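Undergrad: Okay, these came from TrEMBL:
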- A:45-66: transmembrane segment (TRANSMEM)
- A:110-130: transmembrane segment (TRANSMEM)
- A:150-174: transmembrane segment (TRANSMEM)
- A:181-204: transmembrane segment (TRANSMEM)
- A:224-248: transmembrane segment (TRANSMEM)
- A:225-420: domain 'ABC transmembrane type-1' (DOMAIN)
- A:260-284: transmembrane segment (TRANSMEM)
- A:296-316: transmembrane segment (TRANSMEM)
- A:353-378: transmembrane segment (TRANSMEM)
- A:398-417: transmembrane segment (TRANSMEM)
Amino acid sequence: MSDTHAQTVAFVRETQIPPAPPPTMETGAIKWVRENLFSGWANTLLTLVSIYFIYQLATFVLPWVLNGVWNTSSLSECRDVLQGVTGGCFSVLTDRWNQLLFGFQYPSEFYWRPSLAFVLLFLAAAPVLFFDLPRKLLIFTGLYPFIAYWLIWGGTILAPILALLGFVVGYFVFQRFVKESFAMGFFGAIVAAFLTWWLGGYVVDAVASEDTLLTAVPSRDMGGFMLNMILGTVCVSLSLPFGILLALGRQSDMPIIKWICVVFIEFIRGVPLITLLFVANVVLAYFLPPGTTFDLILRVIIMITMFASAYIAEVIRGGLAALPKGQYEAADSLGLDYPQAMRLIILPQALKISIPGIVNVAVGLFKDTTLVSVISMFDLVGMIRGPILASTDWNGVYWELFSFAALLFFIVCYGISQYSQWLERRLATDHR
Amino acid sequence: MKKTVFYGALAAATIAGGVASAATLDDVKARGTLNCGVTTGLIGFAAPDSNGNWEGFDVAVCRAVAAAVLGDANAVEFIPTTGKTRFTALASGEIDMLARNTTWTFSRDVDLKFEFVGINYYDGQGFIVPRELGVTSAKELDGATVCVQTGTTTELNLADFFRINNISYEPVPIETNAEGQQQYLAGSCDAYTTDASGLAATRAAFENPGDHIILPEIISKEPLGPLVRHGDNEWGDIVRWTLNALIAAEEYGVTSANIDELSQGTDNPEINRLLGSAGTLGEMLGLDAEWAQRALKVGGNYGEIFERNIGENTPIGLARGLNAQWTEGGLLYAPPFR
């Protein structure tokens, strides 16, 4: 058998050919480049054009960043160092670093206070954002607003304690009456909380001593990125519950509640945010009784929160409308009352659908906080446009400052966006 | 009621926003600080330094008034205002005086019910052009594109100027001075127009100031000065005469160097009345005799303040020009202290 072909065929291979490596054109980076970048004459052309543009951009940006000057104290000094070579004067960032972050009026010896509040923010936000964490951490989240307020504003510790007390009293009243009727518990809690604050206000005014553990810092001294963070965090976290209430109110069968919500949402959505801010800043001063002091940051927070709640309400209404009617009927058939049905069945699903929209509003809102610079508050952009660009030292530095502002905002907004994508994947229990 | 709630629970410390009351002087004394409205930042005129201390030409007026009234040049709460919020801040009583390079115009004085107490800087609108454009006069700007801030008197003056000279131009509207600087440098307009002091400051910030020239034409009058509310003439008098004291001191040769010596008494009765060693001028104002002395000790007389903040040795490098004393061909002319 073995020599069957011995005379007819010159050579018979008797072993298997060892596997050869694939042709170099068909493997690894080369294959990827060929398939993705040079797969045809049109794509080749586009690739070359893109490389040219990237090259141009890099030759422009890289020397500017790499040659950057970081340790001069004025623009003219920086230009002397550069001697006409391309390079950024990043020393404006080091020179005015604290001003960019905290504003120019916040006492420098207290910078640790907002910094600590910022660090604690992550601790407080973690259990809300990542629900795998132990639920006991939520206690700290509940206390955080009061701790942060006390850290940033300082003053008597009794004020935040009183504010907390109001919420606690409200909670107990709610627990006491909610069994009889939800509305009774809800409004009873509000009345009780306000009563506590009102009575406590007198006590605190009487008791509070002048020398406090943390020196009080007036609102007018807040500034820089800290102000953006305060406004962004407070307004986003407040506007979410208000938005949910408004969305539910708009769907309510009770005509007065429904119309109040509709009018509020449509009015606020129909007015530019900047108008509301001007109202908060200048017009309110005419309406308030003489001698009234009403914190400017508080006014701005109220206005931005109103604005954001209206938008979030519409986003959530979209989520509610997207739920099949069967879900509502299922809740009814289980014998759940309205709050239970909403809390246990409708809202968890509606909110999940609304996540991209809510995040969209949150990101937009955070960037909108820079609008306060037009009502002479010194947020990050206000600091740049006002004091820093107007100083004799740094007049004429634009790219470095605004790039820095863009970078800070990008980090935060990209973080929010990444979190929301993780959250969507995590909650993906849907019908796909 | 709710107010108290917010007091106790939320609003910690706030700036008193008392509504316009007749006796501003009493309010200021009771409060212990002067609420002075300034810009959110204008190079040379008002800007906080890297330590957060306000300095500048307008700021010096605030400090002088605070020193005269309260005896402490640092007892000033500087309240930054924008072009849009400045008048409401003053009218609502949030600030006691406004020193924010504000042009004195008829309608602001009469219709908005403010009282301009004097002029601390005579400005006017000018043009800056690149040297390579080869233009030496604004009248040669026929067909040019001009960057101009919208919604300001600058815009109207520009239109008037070109109409009067029967030449055409194309406006490029911009929002802020900083934006104007960038647009002009980027070449989106042939010329940039704003107040001459602003042009000088802008030019000083350029990388190559020598490549740009400021044209000689000044096409408008922009008298800038501090202002107060209508209805409290006593307070207006204090601000007016503090400003006049700064100007008069330069005329009489009173400087921060020799003020201690001169306040002992001199041969010149007007200096004596100004510095309080003779006469009762301070008493008439409702202040003590040394009010002007204190105001002058803060930053010296008008000339010294000018030199330190915007004068020829600063990066802004403004010449005195119209802002020289009347004895030296300028317009500064303080009424007699008598």
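Going from the start of the chain as shown, residues are counted 1 onward.
Using N, Cα and C of the backbone, Cβ positions are placed for all residues, glycine too.
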Undergrad: Using Cβ atoms and a strict cutoff of less than 8 Å, what residues sit near the transmembrane segment (A:150-174) while being 6 or more residues removed from its termini?
TA: 110, 113-114, 116-117, 120, 143, 185-186, 188-197, 200-201, 203-204, 207-209, 212-217, 219, 222, 226, 230
Undergrad: Would you kindly list the residues that approach the transmembrane segment (A:224-248) from elsewhere in its chain, counting only those six or more residues past its ends and only Cβ-Cβ distances under 8 Å?
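TA: Those are 98-104, 106, 114, 118, 121, 152, 261, 264-265, 297, 300-301, 304-306, 308-317, 320, 342, 347, 351, 358, 361-362, 365-366, 369-370, 372, 377-380, 383, 408-409, 412, in sequence order.
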Undergrad: State the residues, same chain only, that lie 6 or more residues beyond the ends of the transmembrane segment (A:45-66) and have a CB under 8 A from a CB inside it; answer 'none' if no residue qualifies.
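TA: Non-local partners: 37-38, 85-88, 399.
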